[in-house]
Amino acid sequence: MAIISEVEEETSSSQPSTLPFRATFDSSNPLGFLEKVFDFLSQQSDFLSKPSAEAEIAAAVRAAKEKLRKAEKKSVEKKPVEKESVAASSSEPMEVEEAAPIAPNKGNGYDLENYSWVQTLQEVTVNVPVPSGTKARSVVCEIKKNRLKLGLKGQDPIIDGELYRSVKPDDCYWNIEDQKMISILLTKQDQMEWWKCCVKGEPEIDTQKVEPENSKLADLDPETRSTVEKMMFDQRQKQMGLPTSDELQKQDILKKFMSQHPEMDFSNAKIN
């Protein structure tokens, strides 16, 4: 709430008189404030009686809107200039907006510059190429519940960051293949979720485009396979804007209940 007031000034014969105006401005009702202004004008002057009053008021409104438009335009144009200035004056990498999800690779993961990763619902496998002839004793690998660090002794880590989701450290391991590829197997804590990335901060994949191989589904136990198929069905339904399996089940339950109780009014019933 803002209060606007003008203090009555002493008048003289050579200066026009000023009258006090006091009104409370409510931001939720700006027209109410304007009505008080016009009431004051009609009581204290003949301005509103002038034939040109409406045109002058409309011109004042247009001028105020144009001033606001120019201020907004100036504010928008100023932002990229500030970014360019920062980029020119600093050699440090700038933070960029989070990228949109991307399609996964054939293993339902992603290929990065220094490593690649693939996944099933139960595991994540990280493959890191290293110089040919690398020995296991030269590898530094730390697998914690929420963090992964991998590198070669005496060098900066190749991977060092927080995992997308928790893993079971006791069920994780790594090995070096042909002395040129480090393979890390991470066992997921939650084995009913697809990871969007391996390490937080890396590009995220679109998990709705994940496609498990049918042969792998056949190897799952009936309960797990049923859960996976349900997740895949729900993902397809969401992409098409259709109800998920749980929502369909709720609709069926409501329809059965409605048929059993025709005397009840369900016109305002909603399914959450």
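The backbone N, Cα and C atoms fix where each Cβ goes, glycine too.
Nobody curates TrEMBL annotations by hand; they come from automatic prediction.
Range 1-21 is the one annotated as region 'Disordered', of 1-21, 127-147, 190-210 (source: TrEMBL).
Checking TrEMBL for region 'Disordered' across the ranges 70-105, 214-249 points to 70-105.
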